[in-house]
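A.B. asks: Found this in TrEMBL, in case it helps:
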- A:2: Ni(2+) binding site (BINDING)
- A:73, A:76, A:89, A:92: Zn(2+) binding site (BINDING)
């Protein structure tokens, strides 16, 4: 259940972004999870709902975008979605591919509410 | 007045042409738009969208890079050992000294007890135990705390023996140079496909307890085929501490990797190695 520690890092990061913008609350958090990022989205959502109760994210909705594994093939030039989690080129089956997406966990966007009585 | 948000343009000191909303984006979706001013407007409580592309585990990654600089300052190569509980990480470290002349120290991660560190210390190997409590993995901060207590010679090797777990440790860079993932014969060859993230991270896969192969239906070929799909360039070494097979090959792999990292620096003129030395001086001051 490392999703709990990932959520803690996520909430900390959201709060520091929000504070730097003098926002009072965060209403939406958008993240991107790669298919090979090692995170289970449903567990992450549960963890977020548990941890957000304290702090600036308590009203926030978590929006998750799941990114499939993306490859670029050094041999045939294929660029696009992998076949499941295999890093072999789906066209020419070459092992000489580069992963261009689907391995990371990123915070993409925050919707912030500003202070009603000044920053 | 803007029909989207009702703000009055002159207050924000803008021309109408500057105040635009993205064609179909929901209101507020322009992160760098003129609406940034709204956040400091005392009259309005309006939502604004801030676009940030930020790694969620960024703080951990920064600390991991810091740990790597610490290791490199003393020309230490660091290896993260990961596997399920009981696949032979500590046993491997107990026996490795018979096959290599490079001294090594170990940072041990377990939920409870210092049994693993005690086993290594009994063998004369420098070991520091981290007890994670309920945490299922080590992170870069925990390793940082331990590496300052590790008594390591310049040019040696450091192992981080992670918490036995094929899932969570895969998401955390702890500041090592390479990841070695162990899979023991009794676990079954299907573990590679079942835990793709972990085996994708491996720089080397060790199939351990190979002396037990006659008693289990573990197909090394199937394991290698599964690894090929996830991590085609990772070497695989079959080892057994009981009959010693593969142990020398593993020791040679470690030595070759270690030498490749630091020998180029050692033979280069001093200025060329400044990336390491400059970083190390800096971090030594930090902590």
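Heads up, the Cβ atoms here are built off N, Cα and C, so glycines get one too.
Please treat TrEMBL annotations as automatic predictions, because they have not gone through curation.
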A.B. asks: How big is the Cα-to-Cα gap, in Å, between residue A:76 (Zn(2+) binding site) and residue A:2 (Ni(2+) binding site)?
C.D. replies: 38
A.B. asks: Around the Zn(2+) site formed by A:73, A:76, A:89, A:92, list the extra residues of the same chain whose Cβ is within 8 Å of the site's Cβ centroid.
C.D. replies: A:74, A:75, A:77, A:78, A:90, A:91, A:93, A:94, A:96, A:97
A.B. asks: Just jot down the residues in the same chain as residue A:2 (Ni(2+) binding site), at least 6 apart in sequence, with C-beta under 8 A of its C-beta; none if empty.
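C.D. replies: Correct list: A:38, A:39.
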A.B. asks: Could you list the residues of the same chain, at least six apart in sequence, whose Cβ is under 8 A from the Cβ of residue A:89 (Zn(2+) binding site)?
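C.D. replies: Long-range Cβ contacts: A:71, A:73, A:75, A:76, A:78, A:95, A:96, A:97.
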A.B. asks: Check the binding-site residues A:73, A:76, A:92 for other C-beta atoms within 10 angstroms of each C-beta and report the one with the most.
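C.D. replies: For the binding-site residues A:73, A:76, A:92, the Cβ with the most other Cβ atoms within 10 Å is A:73.
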A.B. asks: Can you tell me whether DSSP puts residue A:73 (Zn(2+) binding site) in helix, strand or coil?
C.D. replies: strand
A.B. asks: If H, G and I count as helix, E and B as strand, and all else as coil, what does DSSP give for residue A:89 (Zn(2+) binding site)?
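C.D. replies: Note: residue A:89 (Zn(2+) binding site) is coil by DSSP, not helix or strand.
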A.B. asks: For residue A:2 (Ni(2+) binding site), which of the three DSSP-derived states applies: helix, strand, or coil?
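C.D. replies: It is coil.
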A.B. asks: For the binding-site residues A:2, A:73, A:76, A:89, A:92, which residues show a Cβ-Cβ distance under 8 Å to chain B?
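C.D. replies: Answer, by Cβ distance to chain B: A:2.
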